[in-house]
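Comments concern the structure below.
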């Protein structure tokens, strides 16, 4: 898998730690490689700054150090050092429990009093024998243990909960089909053991997933859900420094029931459209979903088994306003498709399937700084989709319609509420907070 899969990502956070190393890297993956190869200390996390492309490996994570906001910074923390539960017998447990099941404080692994240890950090450098934390360096079947500070009790086992118990997978609904959009189980902890935040509260994380806005998403209690078409169910966490995280929901062993063949026309947003139109509304041919050329993307058919990502047909896997596709035009990343509505005549549908209608593109431009722009472009200069102004996901912000009532912050349309140099938007890419929009000035007559 991806090297970053073993890290938890938090945008806009810096943590203060003395024990760190600076590196120059090109991207987060290279920085993760530096963390994995770090020999000056145990690397628990790293910081990556987008503008300077600076990589800082850290001996501490947000559980151990002071964190504060830093707009341009991304914090990646190794999941293994955040987990407070054990998998199996806990040989990879790296939590911070430091007392035995009887409540006796643990002896530090590097000390020799009151007990001379057989297992030391020098002899077992990869066993995580730090401080006096419970560990299982000898793969003891009874789980993590430690030498104790009681002179008459050499060692004792620790009480570490099982990760499996924190997310019980028994009973109906405790497995997921497809990407878990229809998961209605009661798992309420993330894959690293963090407790989920209730959907109906805004603390510690503000968000836009409010029950009345998502009445069909079953946002009950603090149960893991997938309301936005992510890879699998997730939740906001009760940890102020960890906005959200995936939950560990197993896939059901039985295949999902097939309800019909999917729609051949457009109803509502067209998420169930399974027709064979493969051309955009401006006439560009669609790129095949299982290819990464000319545009790299994350909508890989194997990852999203129930989205109908066959061939290069127009689809709506992410809840857009209607079906779309990546285009074979290298300068146009994606476009909507013209799909006939289901309330049209059969003749109209047949004609549309045989000869896709060419919808003329309306030229959109802005004047001055674009503060008066009221068009419907919702794509950035690099082809990223805009985040809705009323949404707090994936980026939290203060540019909301109620705070800027005169800025016409509708839907996810490009706007300029704060007097920037041109219209812009927050993006739906978690790695990119905002970008200027793909618009030109009305007085710019330069031919493309």
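A Cβ is built for glycine as well, from the same backbone N, Cα and C atoms used for every other residue.
The feature disulfide bond is assigned by TrEMBL to 175-252, 196-235, 224-247, 265-342, 286-325, 314-337, 365-442, 386-425, 414-437. Here TrEMBL flags 1-80 as domain 'Apple'. The annotation domain 'Kringle' is assigned in TrEMBL to 84-163, 174-252, 264-342, 364-442.
Sequence features annotated in TrEMBL and their locations in the structure.
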residue : record         : Cβ neighbours (10 Å)
196     : disulfide bond : 22
235     : disulfide bond : 26
247     : disulfide bond : 24
252     : disulfide bond : 15
265     : disulfide bond : 18
286     : disulfide bond : 22
314     : disulfide bond : 26
337     : disulfide bond : 26
342     : disulfide bond : 14
386     : disulfide bond : 22
- prompt: residue 286 (disulfide bond): which of the disulfide-bonded residues 175, 196, 224, 235, 314 have a C-alpha within 10 angstroms of it?
  reply: 314
Query: Counting Cβ pairs under 8 Å to the domain 'Kringle' (364-442), which of 1-80, 84-163, 174-252, 264-342 comes out on top?
result: 174-252
Query: Looking at the disulfide-bonded residues 314, 337, 386, 442, which has the shortest Cα distance to residue 252 (disulfide bond)?
result: 314
- prompt: Where among 1-80, 84-163, 174-252 do we find the most Cβ pairs under 8 Å to the domain 'Kringle' (264-342)?
  reply: 174-252
Under 8 Å by Cβ from residue 325 (disulfide bond), same chain, sequence gap 6 or more: 278, 280, 286, 287, 289, 312, 313, 314, 315, 334, 335, 337
- request: Would you kindly give the Cα-Cα distance separating residue 342 (disulfide bond) and residue 437 (disulfide bond), rounded to the nearest Å?
  value: 33
- request: List the helix, strand and coil residue totals of the domain 'Apple' (1-80) as derived from DSSP.
  value: 16 helix, 38 strand, 26 coil
Message: Nearest of the disulfide-bonded residues to residue 235 (disulfide bond) by CA-CA distance, picking from 175, 365, 425, 442?
response: 175
Message: Between residue 247 (disulfide bond) and residue 196 (disulfide bond), how many Å separate their Cα atoms?
response: 9
When distances run from the Cα of residue 442 (disulfide bond) to each of the disulfide-bonded residues 196, 224, 265, 342, 414, the nearest one: 414
Query: Out of 175, 265, 342, 365, 414, the disulfide-bonded residues in the record, which is closest to residue 386 (disulfide bond) when you go by Cα distance?
result: 414
Query: If you measure residue 265 (disulfide bond) to residue 414 (disulfide bond) at Cα, how many Å is it?
result: 29
- request: Find, for the listed disulfide-bonded residues 224, 365, 414, 425, 437, the residue with the lowest Cβ contact count at a 10 Å cut-off, counting only other Cβ atoms.
  value: 365
